[in-house]
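Right, one structure below, let's go through it.
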Amino acid sequence: MLSIVSFLLSEVMEQSRRRRQLAYSLLFGLWLPSCLTQTTPSNTGMTTPKPSASPQPQIERLRVRLAGFPRKHNEGRIELFHKGEWGTICDDDFSISNANVLCRQLGFVSATGWTHSAKYGKGQGKIWLDNVLCNGGEKSIEFCKSRGWGNSDCTHDEDAGVVCKDERIPGFVDSNVIDAHVDENKIEEVRLRPVIAMAKKRLPITEGVVEVRYKDGWAQICDLGWTTKNTHVVCGMLGFPHERKVNRNFYKRLKKRAAEKVSKPKVKVSAGGRLYLERQKSNFHIHSVACTGTEVHLAACPLEFSKPNATSSCGGGMAAVVSCMPGPLFIHNSGLKKKFQISSNVRLKGGARVGEGRVEVLKNNEWGTVCDDRWNLQSASVVCRELGFGSAKEALTGARMGQGMGPIYMNEVKCLGQEKSIWNCPFRNITSEDCKHMEDAAVRCNVPYMGLENSIRITGGRTRYEGRMEVLRSDSNGTQSWGLICGENWGTNEAMVACRQLGLGYANQGLQETWYWDNSNVTEMVMSGVKCVGNEMALTQCQHHKTVSCQRAAPKFAAGVICSETASDLVLNAPLVQQSVYIEDRPLHMLYCAAEENCLSKSAAKANWPYGHRRLLRFSSEIHNIGRADFKPKAGRHSWVWHACHGHYHSMDIFTNYDLLNANGSKVAEGHKASFCLEDTDCQEGVSKRYECANFGDQGITVGCWDTYRHDIDCQWIDITDVKPGNYILQVVLNPNHEVAESDFTNNAMKCNCKYDGHRIWLHNCHTGDAFSEEAERRFEKYPGQMDNQIS
């Protein structure tokens, strides 16, 4: 009996042992390859490991950029940012599948090719990846198989590159940027430290000792051999277009006087002298600088660093001091503003922040764009400086600030960096095959630090981009406490300024009630009657009540905002309006639906229905979304209104205003159009339709698409039955009440000169509101009309 029991026990134990062994085998079978994947051989002489899955993806998304020269914006040497350092990829085993993954990471739809043997020049630093094997469907190169980070037997002669299809992924948010390839570890940050107490209190700081971030503090630069070219670079980095001459003798006297007083303990030292001496006690981190003047960053200049054990790192010299001239937007003195002339034939459009936008240039009194082929920081810096900003922080390609609609005037701009205007730089003229508006160049300029974001904040939101507005105000005793803004009449324009001041991009919505964000102890209204144009840098620059007056003063009626990094931008196809215009005498019995939707003039109500007719000025409208976010109605579909007569939902009460104006600007006839159904009628190549009204579908206009209202549909007209023959201006305004936020409202209006002889009608000079120069716009307004019916 015992032997049987022992046998059974041994069998049970053996089965248990086998189960444990199987579990361990399965565990190690899954775990061991993962471990081997992350193991980097310590001996480079060892046998080359087979490609395996790359290391686990980093917590921070992998940054990828194109580099090298010569190249277009959609091609270049591939560089990856890993462990705080940019590095390259070796071309061993490289393939089109790898290139497809990388191009998508860069915001392009796919790759058309790849390059080997450092075609775009040799990179520097690490070669991060080697023997990369992608399937082509990975979301990031880090998910592909490779030898592991930093494990390579290549040299930079084998750096890989890609050629991406010149077509952007719709709605891709990340920057398509050509940025400054400088060693940021060498110089992290630069500032001006004022030595005069009064200068420290006023922003921007335009003069002071140049200091660089060093370890946990700040260090100075020796001024031996310091030149105006060095000053030019420093001023540009800090947002200033020009430099001024420094009174160096003043600083020498200050240094001498302070030193003399310090040598006499009983003598009181001035604040300025004490501050200056404190700076002098610091070690000089940089011994000499030799900029050419065209660099966009001090770190791009040849630098000689002070030796740690040197007894005197600036013998016979002193700390470098610079003085900069701010642009007109940042000058407090109105007299100086008038003296500073900025360019009148270059502008920035579509940007959310001050000093950024799509580059547009003026030629023959019409604005056009610049193609991004060979667009770089030197050319971008010339644009920035001529507009009153500093050097360029980023040179953006691929219509990163939206697409223009007019002509494209320049291609392959090749500025050296010292030109006064982009018009002084070599460039190629454009042919229709060269560029499309999806290649419009843009810039982000360095701007002076104004501290505007310190006097405003948003609280209580679900993300940092939304919340209730609070502003910092001083009471009669000089005490600062935070307060609320009255929500009455607060709208999109005001929200645009608030989001700009906060550095949070574009406005998505301006909210007049924020009861669900009331989570702070701030309850007092300190600002009311805010009315902004929309281009101001801060809310304090907008109109507002001197004394707070708010009918609904409860905290839940405080103003709020929702900001966004992207926004839509609607613009009308002006030539199509001019080409499609005509007059129709339409019988009243065919206008019952139009009358129901208020698409006829007031006199129609007194007509002898259903007899007679109305005279209609008809034309087609093609509304493009050239922004970076889809245009979607503010109201959700639950609140859309069904119109049985026309058989569709209206998602916006008024989507477009149509007006006929006389020479005085008074309306002689008007019309309005609800959004019958916002949808994608057609799109540019490579962009798919997203919105369709059929079957209660989503309404909107996709980026790169347009919504067409043909001339032969109801309400696509102005009722001119009561209009007398004469010369007029036809005006069409999209999104007239700014109900939906856009990146730029200045291009929402379209105007045409109009001649009506009582039987026929002609339109000419049709253009969007900001497409002409100021001079051409004045001529347009004064235009007397055609002398006959022939229009050349």
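The count begins at 1 with the first shown residue.
Heads up, the Cβ atoms here are built off N, Cα and C, so glycines get one too.
Keep in mind it's a predicted model, so treat the numbers as computed, not measured.
TrEMBL lists Cys90-Cys154 (among others) with the feature disulfide bond. Contacts of Cys90 (disulfide bond) defined by a Cβ separation under 8 A and a same-chain sequence distance of 6+ are given as Ile127, Leu129, Asp130, Asn131, Val132, Ser152, Cys154, Glu158, Asp159, Ala160, in order along the sequence.
Annotation for Cys103 (disulfide bond): spatial neighbours Val109, Ser110, Ala111, Val162, Cys164, Lys165, criterion Cβ-Cβ under 8 Å with sequence separation of six or more. What TrEMBL records for Cys103-Cys164 (among others) is disulfide bond.
What TrEMBL lists as disulfide bond is Cys134-Cys144 (among others).
Long-range C-beta contacts of Cys291 (disulfide bond), restricted to its own chain and to partners at least six residues apart, with a cutoff below 8 Å, comprise Thr227, Lys229, Asn230, His232, Val233, Leu298, Cys301, Pro302. Among the features that TrEMBL reports, disulfide bond is placed at Cys291-Cys301 (among others).
For Cys371-Cys435 (among others), the entry in TrEMBL reads disulfide bond. Cβ-based neighbour count (10 Å, all protein chains) for Cys371 (disulfide bond) stands at 25.
Neighbour density for Cys445 (disulfide bond): within 10 A of its CB lie 28 other CB atoms from the protein chains shown. According to TrEMBL, the feature disulfide bond maps to Cys384-Cys445 (among others).
What TrEMBL lists as disulfide bond is Cys415-Cys425 (among others). If you take the C-beta of Cys425 (disulfide bond) and look for same-chain residues 6 or more apart in sequence within under 8 angstroms, you find Ser379, Val382, Val413, Lys414, Cys415, Leu416, Glu419.
Positions annotated as disulfide bond by TrEMBL: Cys532-Cys542 (among others).
Residues annotated as domain 'SRCR' in TrEMBL: 64-165 (among others).
The domain 'SRCR' annotation in TrEMBL covers 190-325 (among others).
The average pLDDT for the domain 'SRCR' (346-446) in the predicted structure is 92. Annotated domain 'SRCR' per TrEMBL: 346-446 (among others), in sequence order.
In the domain 'SRCR' (456-564), helix, strand and coil residues by DSSP number 20 helix, 38 strand, 51 coil. Summarising the annotation, TrEMBL assigns domain 'SRCR' to 456-564 (among others).
Residues or ranges marked as signal peptide by TrEMBL: 1-37.
According to DSSP, the domain 'SRCR' (346-446) comprises 16 helix, 33 strand, 52 coil. Counting other Cβ atoms within 10 Å of each Cβ, the lowest count among the disulfide-bonded residues Cys384, Cys542 belongs to Cys542. A Cα-Cα distance of 23 Å separates Cys435 (disulfide bond) from Cys384 (disulfide bond). According to DSSP, the domain 'SRCR' (64-165) comprises 16 helix, 36 strand, 50 coil. Cys371 (disulfide bond) sits 17 Å from Cys384 (disulfide bond), taking the C-alpha atoms as the reference points. Cys542 (disulfide bond) sits 24 Å from Cys445 (disulfide bond), counting Cα to Cα. Taking CA atoms as the reference points, Cys445 (disulfide bond) and Cys532 (disulfide bond) are 24 Å apart. If you measure from the Cα atom of Cys144 (disulfide bond) to that of Cys532 (disulfide bond), you get 51 Å.
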